[in-house]
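Since the structure comes first, as structure tokens, the remarks are kept for the end.
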Amino acid sequence: MSDQSVPSFRWTQSLRRGLSAWTTSVKADVLNDTRALLSGLDFAKVASVQRMMRRVKRDDSDLVGLRDLNKEVDSLMIMKSNQKNMFLKVGSLSKDELMELSSDLEKLKQKVQRTERVGNGTGQYQGNLSNTQLTRRSEILQLVGIQRAGLAPTGGVVKIWDIKDPSLLVNQFGSVPAVTISCMTEQGGESLNDVVQGLTDLGLLYTAKYPNLNDLKALTTKHPSLNIITQEESQINISGYNLSLSAAVKAGACLIDGGNMLETIKIEESTFTTVIKTLLEVKNKEKMFVSPTPGQRNPYENVLYKLCLSGDGWPYIASRSQIKGRAWDNTVVEFDTATVKEPIPIRNGGAPLLTTLKPEIENQVKRSVESLLINDTTWIDIEGPPNDPVEFAIYQPESQRYIHCYRRPNDIKSFKDQSKYCHGILLKDVENARPGLISSIIRSLPKSMVFTAQGADDIRKLFDMHGRQDLKIVDVKLSAEESRIFEDLVWKRFEHLCDKHKGIVIKSKKKGSTPATTNAHCALLDGVMFSAVISGSVSNEKPKRMLPIDLLFREPETTVVL
């Protein structure tokens, strides 16, 4: 397929919707970094780098200047991506998903490498020809009249960067909104507020279309601060200090509230596999692909590259100059499924660790639990009895972090009764729930952590069954009616977080047990609504999943029937 068949903006909109759970509000952080740069950055060095980047040919000393300035910027910023190489294997993603990801990364690698070998002006493809061959080809092109003498620099023969180690160029380009805004303010002689207002309007336009140079010209009449943006088409590997339209659009995307802008995505190790899994789902739904044609990356290629560069940070807008390697270097797909040997039980004193989870999954659970903030209010709820729970959720309203998982019940008859009168979960939807997750989470909880619950008895029993008498519980003791004041609003706003409550819930015929609602009870959304009752309102902020969604269920074919 060719780039001409790519419906770019439709793909962008689909990616925004599909990855919306990981988009964040970054305006305050971006402006904090902007102020830090305005206070601490030497803009004489910035101007020097900008002049250098306008030259046709650059050498090692120029690269040193660019890298030194990038280091200075990185040291002043809070928003920066850290080197976090990711290793994906069967279990975190299915084998088919891993193969698809590996294939796309390889295609993207080939495309990027081809793009870097394409001539700067006439688009002549260099392939894997040596410099001697390229020079000779230029002479032949001149001989046959295709290329005029003296135009070698635009014919793709003379390199733009004449340096000893090309690998030092990696990750030294790409715009950073805080840098763009600070340069527009300082070098344009504008107030920070005027620059922010202009870029915000540009960002709002970006929610509906890709802004072009005509749009920029129109907006400039209202916002003179945008005059400093260069009236040039986007180029590959242009310096982040170049005030291009694409850099300004990226900055604008960070300054609007809403829109689920891809530029505001934040990645953490605990969410990485979930984001990749969701990306592949969106890709297949929209029939996206990696194009072999050299040139600018299409929306799918762009988000794939940025996500796979590092598993920690803001892929689009953070300072990334200190990351080594490229996306295909830093995200490694492993197909080796060799089993890890179980530890030998201790003979005298101490029992072997009994767990149904593989060590790598156990470690992922621990990292997810460690991401919780121990001093924040922490709601906890379960569905099902404490000795046979089918759903478990922890929710922290201040940070909007949550851990949520399911479990296949042992007592099927009792489960079906509870489904009918309470939680509405169907057996088929939890048939392949990964066993051992709830126990692993409880084992990993910090010592003496305090939880808040609506009804503490079942939670206390669950903790005690796991030997966690140290964990403390505060029971808010709301009435059934009080606890569900915000039920409809919570379900309307956050029902996408929980899709396993598909059954019909009916009122119990047992005397005195009529529920206050016939809506299904969800452990996660119950925690959200209980918290809303105490605070007096439902948050607009999207809760952030800490336990990767791909851990919740095992592949159906791996289910063992005894």
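For all residues, glycine too, the Cβ spot is worked out from N, Cα and C.
Given the structure is predicted, the values throughout are model-derived calculations rather than measurements.
Look at Swiss-Prot and you will find D381, E383, D526 tagged as Mn(2+) binding site, backed by sequence analysis. What Swiss-Prot records for E391, C498, H501, C522 is Zn(2+) binding site. What Swiss-Prot records for 53-238 is region 'Binding site for the cap structure m7GTP'. Summarising the annotation, Swiss-Prot assigns site 'Important for exonuclease activity' to D458 and lists sequence analysis as the type of evidence.
Take the mean position of the Cβ atoms of D381, E383, D526, the recorded Mn(2+) site; other residues of that chain with a Cβ within 8 Å of it are I382, E391, A393, H423, H521, C522, A523, L524, L525, G527. Note on C522 (Zn(2+) binding site): other Cβ atoms within 10 Å of its Cβ, all shown chains, come to 27. In sequence order, P389, V390, E391, Q418, C422, H423, I425, H521, C522, A523 are the residues of the chain that are 6 or more apart from E383 (Mn(2+) binding site) and have a CB within less than 8 Å of its CB. Here the recorded positions are D458, C498, and the one whose Cβ sees the fewest other Cβ atoms within 10 Å is D458. Using a 10 Å Cβ-Cβ cutoff, D381 (Mn(2+) binding site) registers 25 neighbours. Under the three-state DSSP scheme, C498 (Zn(2+) binding site) falls in the coil class.
Distance from the CA of H501 (Zn(2+) binding site) to the CA of D381 (Mn(2+) binding site) is 15 Å.
Straight-line distance linking the Cα atoms of H501 (Zn(2+) binding site) and D458 (site 'Important for exonuclease activity'), rounded to a whole number, equals 21 Å. On the 0 to 100 pLDDT scale, the region 'Binding site for the cap structure m7GTP' (53-238) averages 82 in this prediction.
The distance from the Cα of D526 (Mn(2+) binding site) to the Cα of D458 (site 'Important for exonuclease activity') comes to 15 Å. Cβ-based neighbour count (10 Å, all protein chains) for H501 (Zn(2+) binding site) stands at 23. The Cβ of D526 (Mn(2+) binding site) has 26 neighbouring Cβ atoms from other residues within 10 Å, across all protein chains displayed.
Those same-chain residues not listed among E391, C498, H501, C522 yet with C-beta within 8 angstroms of the centroid of the Zn(2+) site C-beta atoms are E383, H423, G424, I425, K500, A520, H521, A523, L524, L525. Over all protein chains present, the Cβ of E391 (Zn(2+) binding site) has 25 other Cβ atoms lying within 10 Å.
DSSP gives D526 (Mn(2+) binding site) a helix state.
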